[in-house]
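Heads up: the structure comes next, in structure tokens.
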Amino acid sequence: MRIHFPFKLRELFFVTLIPLAYAVIAFATIGHYGVSFDEPPHFRRGQAYLHFFLTGKKDYSDIPSTYRRSIYQNDNEDGRFYIDAAKNQSHPPLNDTLAALGNYVFFQKLGILDDTDAHHVFGIVSVVLLLSTVYLFARVNFGVLAGLVASLSVAVYPMFLGESHFNVKDPPETSFFTATLILFWYAVVKKSSKALIASSIFFSLALGTKFNILFLPFIVVPWLFIYRKQLLRQSTGWYKTLLLYSVVVIVVFFATNPNLWNDTIFRLSEMARFYLSVGTNSGGSPDYQPQFLRFGFNTYPFWAIVYSTPLVILLFGCVGGLYALKNLKKDINGAYILVLLWLSVSVLRVTLPGTTIYGGIRHIFEFLPALAIFAGVGAHQIILHLGKKYRRIASLFLLLFFVPIILKLISMHPNENVYFNPLIGGLKGAVEKHFPSAGASLGNTYMQGVEWVNRHAEKNACVASIIGLRGNIPVTKLRGDLVNTNTCRSGTERGGEYAMDMVYEGYYNYWYDYQYYATYLRPVYEIVVDGVTIFQVFKNDTAHTRPELIREIYIVPQDILYKGNVINITLPTSVVLSRLDLQYGLPEGCSPASDGSLFISSDGLNWERDPESLRTSHGKYNFEPEQKLFERRFAAKNVQFIRLATNLEEGCTPKITVLDMRYHPDVPLPSP
């Protein structure tokens, strides 16, 4: 088959149709989305690096006071911090720098976008590149319809569509990964050294974003053995080009990461250690999804893809994949085997024993273009089985199969990334089945919470995140008079703050800080998708407190028993406990407890261990061992027996000197 990239006017229309439609919609809705959990530190690092590259300065002292300055140009986290001082490495910084470049142009210079939104331009542009690349590959191998379906499948994939607006790492990595692989394929098929050098540039961009690209050899090496084995036997020209390829990658990687210019070996090893810690079970860390282990293999990624993929893409993708397997011998350009390896390696790398993944499928988004290409192949093959007379109208009809998922995305906007398909019962079914991370928005939902408090909060009110960090709230979108700080969280003092946070399967809803708001207060605002609450805003005052949980009274223990380093407290009866403040004394020469566990029971037989250790203080003071004080709060727990197991040394039996316990008398206890 003769390979060429078509650039006639008709072809230009098709190659730009989906990318242009995506770009228009993405820029029109760019302000509807929030920031992800980890975007603020990425933005701060990107600003520090970009300022260093543009000016040679590691601080912001040269920025005029009248300049439109980004809030992410933080004097405490400038180039001196990220380039010189920071030793603990995580992801590479190139994507951060490119996001900052978008901010530099569209916010700092032109002022046409909000500070946060301008950082998201980079992600949108990278997806436009991805959609174009996927179309071209599918088009030249399988036809126009295949290209359109493949590009459309990526564009409407719910998690990818949503997070392309606020995930600074994974969608760009997917784009660079795809361009690298397809350009490499084209370089081999056409024997083009220019395409190979272009591939090396995109490899550099991918490596500068995340290390996912390091799995590319597990795709291209087997493909070369199968498709062009003679190429590996060829002489020096091929290997010289590959050597140049490697040089380009290494030079760009180090040139764009000045943090590695000093103490290089240590910082590279720290980066590698980070990836091993999140991608494997090294160091004895537990599996993220032990319930999905089968003979040591983690099946969670497979099921996450099955349940997160719209049915139309799943159907067409299965048809295309099966057709590719059946017709490998007819694979003249090696496209089928390349995409099969692409899809398989992307999923298997987090399925093999000893590997793991967390937070859904966003960390392996590189599987998506491969699946989308197979969807294009499947659609193409379905049409080919029809008579020539009806193919054109049938192609239009087939594209209508995407209308239901498009309508679903419109109804979910801007919460597309929490989508689950009907195979698991939608998001509601996923939550009911306790599917890991079901309902996780990656922090995007905070933006909608901010919009609500902007409209409803009284002047100068305080806005806090319940569990998340202060940076989770997109402060650039917050009304000017509102105060954003987590220090105003007042708990049972009911200081009137607005507190907001996400709700999803596996979130830290077992922490007292979250349980207090969810148990004691009625939410003033909720985001509900498919009948499932994924975000809540609370007003912490008496007016919004459940009436039966307002009154507290003291209770005196019936018995206190000391046994070694354990304190056992028995109440006269089972009560709805709210508070335990305990101060203790020790024999002379004993060091105070620095840690321990708390257990509660309503019957003395069935015990519940508090997920937060005794080091956690719920009172006015931070935990300090020297104070010999434990301040604990309970989110209206039914309790009669309490056990505090400390880490005191043998012979250092504690004795309670001050004890303050309270309960809610107006809450009816459950029947025995």
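Any Cβ shown, glycine's included, is placed from N, Cα and C.
Among the features that TrEMBL reports, domain 'Glycosyltransferase RgtA/B/C/D-like' is placed at 91-251. Under the heading transmembrane segment, TrEMBL lists 12-35, 118-138, 144-162, 201-226, 238-256, 302-325, 337-361, 367-386, 393-411.
Within the chain carrying the transmembrane segment (12-35), a Cβ under 8 angstroms from the stretch's Cβ atoms is held by residues 6, 113-114, 116-117, 120-121, 124, 127-128, 131-132, 135-136, 139, 144, 147-148, 151-152, 155, 162, 164-166, 413-414, 443-448, 450, 471-472, 474, 477, all 6 or more beyond its ends.
Remote same-chain partners of the transmembrane segment (367-386), defined as residues 6 or more beyond its termini with a Cβ less than 8 Å from a stretch Cβ, comprise 130, 133-134, 137-138, 142-143, 145-151, 153-154, 157, 160, 174, 178, 305, 309, 312-313, 315-321, 323-324, 339, 342-343, 346-347, 361, 394-395, 398. Between the transmembrane segment (302-325) and the stretches 118-138, 144-162, 201-226, 238-256, 393-411, the greatest number of Cβ pairs separated by less than 8 Å involves 144-162. Same-chain residues lying 6+ beyond the ends of the transmembrane segment (337-361) with a Cβ under 8 Å from its Cβ atoms: 159, 181, 185, 215, 218-219, 222-223, 226-227, 278-282, 287-289, 296-302, 304-305, 308, 321, 324-325, 328, 331, 367, 369-371, 373-374, 436-437, 440, 442. Mean pLDDT of the predicted structure over the domain 'Glycosyltransferase RgtA/B/C/D-like' (91-251): 93.
Residues 91-95, 169-170, 172-173, 176-177, 179-181, 183-185, 188, 232, 245, 248-249, 252-253, 256-257, 271, 275, 334, 337-338, 341-342, 345-346, 349, 363-364, 366 of the same chain lie 6+ residues outside the transmembrane segment (201-226) yet bring a C-beta within less than 8 angstroms of a C-beta in it. Packing against the transmembrane segment (144-162) from elsewhere in the chain are residues 11, 14-15, 17-19, 21-22, 33, 127, 130-132, 134-138, 171, 174, 308-310, 313, 316-317, 360-362, 365, 368-369, 371-373, 375-380, 383, 395, 398-399, 402, 405-406, 408-409, 412, 414-419, 444: each is 6 or more residues past its ends and has a CB under 8 Å from a CB in it.
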